[in-house]
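First the structure, in the form of structure tokens, and then the observations on it.
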């Protein structure tokens, strides 16, 4: 599927591309230009019913398919993703807006997830213990759980779906994916390549839409589990409604990630890492650096360095060479971001770099330049809320103790970083910070696919996180067999 031919995005159900029964459509925009590039249907619960029934029917045979055959299909799928790497990256840039280099990196992360899923059979093995009593042995066996529903966001249209469905189907489940209605084109291409890899009909299904599709998955009795990534309010809703309907749910939510810079930090390194973490992907990622807490003695130096580096950032269409900062996803998100900048000024923060004034902001597309506030306090909205945009807040502190105390007062706890050369400070940080993913002298501490991904508090709802052994646990159920064999 190409942007030129994708006038109306279809659903993918039972191995067929079918039109939604809904006549309601939503425009898909190129956020760098504001141009409409496709129309996506706002599908109904009837569409969801068709997809779930197709997935349930496919589960009967797919769950019995030999594990090595499942793995071979995923290995072939991985190679097809590699073969189409540049096309996939360009498609991400066109419908999401991030720079081509960042999109290229996202494709890599998606490929790594598929590689992990292809090797997951080694993690799916059960456990046995002979002679738990005379002549008696026990064993644990893993089995798939059925139809899985996946609900994914706009900001990583390849990586997040690849967190979910490859591992789920490797474990023998079938899958119904609801991609973001803002970025449906990449998901469609992923399905095309999965079919080319030999994935049987009905194992992967896609239903495009919004609220009705989400509720359809949450309410359907044949859907046994829900994987979700998105905003905090929706994550909480998905978790509550899904568990009310007796489903397993993992819901990855919002973030307000703190980066702590101590007096002994390498400021050149810290500056480069923070700039990339704060303004990469236009700040639209759950691992973005949102707040910097810096010790007072070096605060002026760090602020000066950050502003100087931010001034060098090239803003524009992500397909253009040298562009680092692309647009935010939609015009209303641009307006929301500008509202937060206004709020920061009104509440007394010092605006040291104003992203509203960049030339690109005044043209076509949904651009907001890199914005930096100094002298931010925890009473301000720009400290409290997830802005999900290129806005960085700087809080000045007297000590590591104070920095950790401030970070721990956030309702979010996805990621946190520290810049220091002190092992003792790193240990204190590791032991006392309330966050799920930690970094030392790195800006984005996102783990590889073979480790669990997610945070604490209002950044995550559930028990088993995405990826790694948590993912295998989430997508399988166990049977215990105790046997007596006497001579």
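FYI, residue positions are counted from 1 along the chain as it appears here.
Including glycine, each Cβ sits where the backbone N, Cα and C put it.
Computed from a predicted structure; not experimentally measured.
The Cβ neighbour count for residue 386 (NAD(+) binding site), using a 10 Å radius and every protein chain shown, is 22. Annotation source Swiss-Prot lists NAD(+) binding site at 154, 178, 181, 182, 231, 386, citing sequence analysis.
Per Swiss-Prot, active site, nucleophile is recorded for 286, and the stated evidence type is sequence analysis. Sequence-distant neighbours of residue 286 (active site, nucleophile) (same chain, 6+ residues apart, CB-CB distance under 8 A): 155, 229, 252, 253, 254, 255, 414, 415, 459. A coil conformation is recorded for residue 286 (active site, nucleophile) in the three-state DSSP classification, outside any helix or strand.
Counting Cβ atoms from all protein chains shown, residue 182 (NAD(+) binding site) has 22 others lying within 10 Å of its own Cβ. Under the three-state DSSP scheme, residue 231 (NAD(+) binding site) falls in the coil class. Taking Cβ-Cβ distances under 8 Å and a sequence separation of 6 or more, the neighbours of residue 181 (NAD(+) binding site) in its chain are 26, 28, 40, 42, 208, 209, 210. The maximal spread of the NAD(+) binding site, taken as the longest Cα to Cα distance among 154, 178, 181, 182, 231, 386, is 23 Å. Classification of residue 178 (NAD(+) binding site) by DSSP places it within a strand.
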